[in-house]
Each structure stands twice: as C-alpha cells, then as structure tokens.
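Asker: This is the structure I have questions about; it appears just below.
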C-alpha cells in the first residue's frame, strides 16, 4: 500500500481536506476518512456521507467532553476495542439534525469556546468519541489518531471521521482503499506511521552539568539538562549507582508547594518523602518544569481563584480552557534512557505516569506508593485526585 508522509497529511488537513487513515491489519484493518473540525470545509460531511458511507463520528479530547457534559453512551463499555462513545448530539439550532449542513453545524459547535452542554440536544445524529490523552501512544485507534492530527496542525483537539465502505457494503481494505485514494485524490497515511512520527519528535536532550549536592536528607549527585522543546531546565538528583532498574520519582515543579510549603496541595510533602526514600534506598528524582500540571504558575493561581469560588482542581483547569492534565513524560523517558535505565520502581500514585512512561519504552517494574498526610486545606484536592483523576490514594 502506497502511503504518504505525515507532513503531507498535515498540510492537506490544514487546507480543509479530508485524508485517509488506515490502522493495523491485525486490528480493525480499516480506512477512515479524517478531517480536522477547525479546518474542515462546508462539504466535508456530505463527502463523508456520500463516499465514505460509514458512521460519521466526532473524536474530541476529554477536556471538551467534560466541558460540554458529554457522558459515556453506556455505563459498561463492552466494545472490543474500547471505543469511548458519548451520548450522541445535535446542536439546538438544528431541525432534524441529520442533514450534512446540520451535522456540520453540530461538529463546529463542539469546538465553540462559548458552548455549554445546554447547547446540544441528546440523543442526536453526531457521535462524539473521547480520545485518550496521550493519543496513539496510548491507543492506536482512529479516534486518537484524528485528535493527534488535529493537535499537530495547531487546531483544537477535535475531528470528524467516517469508515470507508466498498460498493458491496463491506469494509474497504488494501487495493480498494488505494483505488479510493486515487479516485478522489486524497492523502493516505497509517496510524503506525503517525505513532512513529510522534515518537521521533521527541526533543533534543543535552546534559549540561553535574555537581555534588548535600541536602538535609543526604548527599546526592545533581545533573542539569536542557531540551529544545522548553526554555526551562530539567534537574535530576541521584543517589547511588544507577542501574537498569531504578527507584524513580518524577516530580512536577510546584513553586507554591515545594518552595513556599503551601498546604493547598501535597507536592512539597511528596518531594520530601521522595528525597528521604531515595537517600535511604538509592535512585533518582527527575524534577520537571510542569507547574500546575502543565498550565504554568500564573494559570495555576487563576485556577486557585476558581477553586475559592467552588470549583475543584480539575474543573478549574477545564474552565480556564485547559485539559485536566497537560503533562507529558517524553523528556522523563529520554533522561532515564540517557542513564541506561529502561525499567523503574516508580514512586507515584498517578496511573497516567505509568501509561505515558510505558508508551515511551520504560517498563514499570513496581509501583511504590507515596502516601503523605492530608490537611484541612488540601482534603478536597486529594479527594478530587482520587475520584476524578484516578490517583491511587
């Protein structure tokens, strides 16, 4: 099968064109038409319905789904591939909701920054799908691929997809997809190539310094790294001989907690507990510049303002226009590989860290729980991390 490059696909999507995305022959082994919602043209839905002939769905990020109160279609998902359908929707200004124009209206409303859940009738004729946060590095499906492509074009994380069917009603595969591509002059890529593209875009890492660092917890070696995807530096402290399997804490910088000992969070206490553990048992702490789960210090303070008005730590980030957690651990995985570490005993309560590291080739040999005392100021925060973010506390 003749495939195009990911860069060619991104250029086509930015022009408002649909492309073909094929998945693994050992998975669904299908081709989907994909368009980015923000860039799509007025004929996109009609083209998909006329020539694709499959179910037109609208992959979106989890943040959009939460913002619009789009709940799962079913309580217990038994789909063999775990596709995360939400309840179907029509925009409230549609009539029947099924026409190409009205499904286009509904799709565009999903990415309207002013839209709320009350702007949609449920059920409807457009089927949102929730993509996993780390895209094809977590799940190699068309849902994640289309949202990854949207992000890579600089658009909001939303797309339209539609399976391509043959004239006889069976799913188009192989030669049929190639013929479809030629007939309609479309770009065609694979999810496998998209996954490789994302992994190959990992930043350049440079080790700049190494010093001895005595602390109240013990003596450490401190390393300084720079990357080409951040203006902020990364610090690593290590104790003992570094082995292929290592005790590791990946800690996101928290000025308020780590430096000013804020009681709004548990970050400072987790850092202290990690340093004590590494001082006693050996290992490494990677200190990443990911303030406020990636939204930055000022936005974190704005989130605190919303929390004082009754929001929780997740809904506050979403209200500011962010996903609940923007962090990615590519740089952490690179640093571990720099030290020859490919397997870790991870000091963490956050399952997303496990998933992200494993997607970058770091094996999680064991989880070391990191439980610290709560207080009257951070109890709601801790409850939200457990109930909404799945933290193991």
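Backbone N, Cα and C define each Cβ position, glycine as well.
What Swiss-Prot lists as active site, proton acceptor is 325. For 327, the entry in Swiss-Prot reads active site, nucleophile. Summarising the annotation, Swiss-Prot assigns D-ribulose 5-phosphate binding site to 27, 28, 32, 139, 140, 141, 142, 143, 163. Annotated Mg(2+) 2 binding site per Swiss-Prot: 28, 142, in sequence order, evidence recorded as sequence analysis. Swiss-Prot lists 249, 250, 251, 252, 253, 270, 291, 292, 293, 313, 348, 353 with the feature GTP binding site. The feature region 'GTP cyclohydrolase II' is assigned by Swiss-Prot to 201-393.
Buried or exposed, and what's around them? Tell me for each listed feature.
Answerer: Classification of residue 325 (active site, proton acceptor) by DSSP places it in coil, neither helical nor stranded.
For residue 32 (D-ribulose 5-phosphate binding site), applying a Cβ distance below 8 Å and a minimum sequence separation of six or more within one chain yields 20, 21, 22, 52, 54, 142, 146, 161, 162, 163, 164.
Counted within 10 Å of its Cβ, the other Cβ atoms near residue 142 (D-ribulose 5-phosphate binding site) come to 29, all protein chains included.
In this view, residue 293 (GTP binding site) is surrounded by 21 other Cβ atoms within 10 Å of its Cβ, with every protein chain counted.
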Asker: Can you tell me how many other Cβ atoms are located within 10 Å of the Cβ belonging to residue 251 (GTP binding site)?
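Answerer: Excluding its own Cβ, the number within 10 Å is 22.
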Asker: Roughly how many Å lie between the Cα atoms of residue 140 (D-ribulose 5-phosphate binding site) and residue 327 (active site, nucleophile), rounded to a whole value?
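Answerer: Answer for this pair: 20 Å between alpha carbons.
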Asker: Between residue 348 (GTP binding site) and residue 327 (active site, nucleophile), how far is it from one CA atom to the other, in Å?
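Answerer: It is 14 Å, counting Cα to Cα.
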Asker: What count of other C-beta atoms do you get within 10 angstroms of the C-beta of residue 325 (active site, proton acceptor), across all chains shown?
Answerer: 21
Asker: At a 10 Å cut-off from the C-beta of residue 140 (D-ribulose 5-phosphate binding site), count the other C-beta atoms across all protein chains.
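Answerer: Neighbour count, Cβ to Cβ under the 10 Å cut-off: 18.
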Asker: Rounded to an integer, what is the Cα-Cα distance in Å between residue 253 (GTP binding site) and residue 325 (active site, proton acceptor)?
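Answerer: Per the Cα atoms, residue 253 (GTP binding site) and residue 325 (active site, proton acceptor) stand 14 Å apart.
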